[in-house]
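J.: Structure below; questions to follow.
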Amino acid sequence: MSDLRLVIAGCGGRMGRALIEAVTSTPGVVLAGALERAESPLVGQDAGLPLGLTTGVRVSHDVDAALARADALIDFTRPEATLAYLAACRRHKVNMIIGTTGFDDAGKAAIRDAGQEIGIVFAPNFSVGVNLTFKLLDLAARVLNEGYDIEIIEAHHRHKVDAPSGTALRMGEVVADALGRDLKTCAVYGREGVTGERDPGTIGFATVRAGDVVGDHTVLFATPGERVEITHKASSRLTFANGAVRAARWLGKRHGQFDMQDVLGLR
């Protein structure tokens, strides 16, 4: 079986560098392309330069040329860039791994639509530990059920542009679904001033942006007399990058939209 040919979008960013490291150290996959904006100083340089590696792949801004020799594209950029890459992947019938967060409903619909033609793994978090945490949260919510106040606290580095994180929102969805609630109507995002007593049917979110925090998430279930806290802390972006490469290998030639629960056999 030939190696899986992967293209990395946003290769000069924090996740892009981690993805290149993951691809170049994983048997059975090869780096087939590395994409950046046309104005990036990395264009024309070896994609491994920021890592002190020699990959033999030059950074390019030519999406069509990169996809012409690819099996899948891995994208952890921003919604507007992801949707442009999505359109290109549809044209070239190239599968896509999407770790970008912050999509509106229209963006999510575009991804679902593309899943009718190509294979897509779209997930808010590619960490194995986080996806196990989703299962633990489902169990906790069903067992604790009513009478517990639920709060989700997340922390990320100062450069993250969306809040709450996609992972925090997914955690909220998992808990809300387990309780038979709609997160859109029960979520409370931040509190300020005189808010009155807590509505027992709500799920609260608190966001921290500071320093170089890779990603911390805690879901708190609290009732008079006890608290249950389920926490995941990431210390390296390689955790997410390795998960994304694993997802690409699992996806193979499949068509349709999947997430990491499918990849890990947790669904």
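Each residue, glycine too, has its Cβ placed from N, Cα and C.
According to Swiss-Prot, the record shows the following:
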ACT_SITE  His156  active site, proton donor/acceptor
ACT_SITE  Lys160  active site, proton donor
BINDING   Gly10, Cys11, Gly12, Gly13, Arg14, Met15, Glu36, Gly99, Thr100, Thr101, Ala123, Pro124, Asn125, Phe126  NAD(+) binding site
BINDING   Arg37  NADP(+) binding site
BINDING   His157, Gly166, Thr167  (S)-2,3,4,5-tetrahydrodipicolinate binding site
J.: Tell me the Cα distance separating the residue listed as 'active site, proton donor/acceptor' from Gly10 (NAD(+) binding site), rounded to the nearest angstrom.
T.: 19
J.: Which whole number of Å gives the largest C-alpha distance between any two of Gly10, Cys11, Gly12, Gly13, Arg14, Met15, Glu36, Gly99, Thr100, Thr101, Ala123, Pro124, Asn125, Phe126, the residues noted as binding NAD(+)?
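T.: The span, Cα to Cα at its widest, is 22 Å.
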J.: Closest to Glu36 (NAD(+) binding site): which of the recorded positions His156, His157, Lys160, Gly166, going by Cα position?
T.: Lys160
J.: Including all protein chains shown, what's the count of other C-beta atoms within 10 A of the C-beta of Gly10 (NAD(+) binding site)?
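T.: Result for Gly10 (NAD(+) binding site): 24 other Cβ atoms within 10 Å.
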J.: If I take the Cα of Thr100 (NAD(+) binding site) as reference, which of the recorded positions Arg37, His157, Lys160 has the closest Cα?
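T.: Comparing Cα positions, the candidate nearest Thr100 (NAD(+) binding site) turns out to be Lys160.
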J.: Across all protein chains in the structure, which of the recorded positions Arg14, His156, Lys160 has the highest Cβ count within 10 Å?
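T.: Of the recorded positions Arg14, His156, Lys160, the most buried by Cβ count within 10 Å is His156.
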J.: Determine, from DSSP, whether His157 ((S)-2,3,4,5-tetrahydrodipicolinate binding site) sits in helix, strand or coil.
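T.: Once the DSSP labels are grouped into three classes, His157 ((S)-2,3,4,5-tetrahydrodipicolinate binding site) ends up as coil.
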J.: For each of Gly12, Gly166, count the other CB atoms within 10 A of its CB; which of these binding-site residues has the top count?
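T.: The most densely surrounded of these binding-site residues is Gly12.
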J.: Between the Cα atoms of Gly166 ((S)-2,3,4,5-tetrahydrodipicolinate binding site) and Asn125 (NAD(+) binding site), what distance do you get, rounded to the nearest Å?
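T.: About 8 Å separates the two Cα atoms.
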J.: Pop the Cα-Cα gap between Asn125 (NAD(+) binding site) and Thr167 ((S)-2,3,4,5-tetrahydrodipicolinate binding site) into the table, whole Å please.
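T.: Distance (Cα to Cα, whole Å): 6 Å.
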J.: Within 8 Å of the Cβ centre of His157, Gly166, Thr167, which other residues of the chain have their Cβ, at the recorded (S)-2,3,4,5-tetrahydrodipicolinate site?
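T.: My list of surrounding residues reads Thr101, Pro124, Asn125, Glu154, His156, Lys160, Asp162, Ser165, Ala168, Gly215.
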J.: Long-range same-chain neighbours of Asn125 (NAD(+) binding site), Cβ under 8 Å, sequence gap at least 6?
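T.: Long-range Cβ contacts: Gly99, Asn131, Gly166, Thr167, Arg170, Gly215, Phe240, Gly243, Met260.
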J.: How many other Cβ atoms are found within 10 Å of the Cβ atom of Glu36 (NAD(+) binding site), counting all protein chains shown?
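T.: Within a 10 Å radius of the Cβ of Glu36 (NAD(+) binding site) lie 22 other Cβ atoms.
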J.: Which state, by DSSP, holds Glu36 (NAD(+) binding site): helix, strand or coil?
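T.: Where Glu36 (NAD(+) binding site) sits, the three-state DSSP reduction gives coil.
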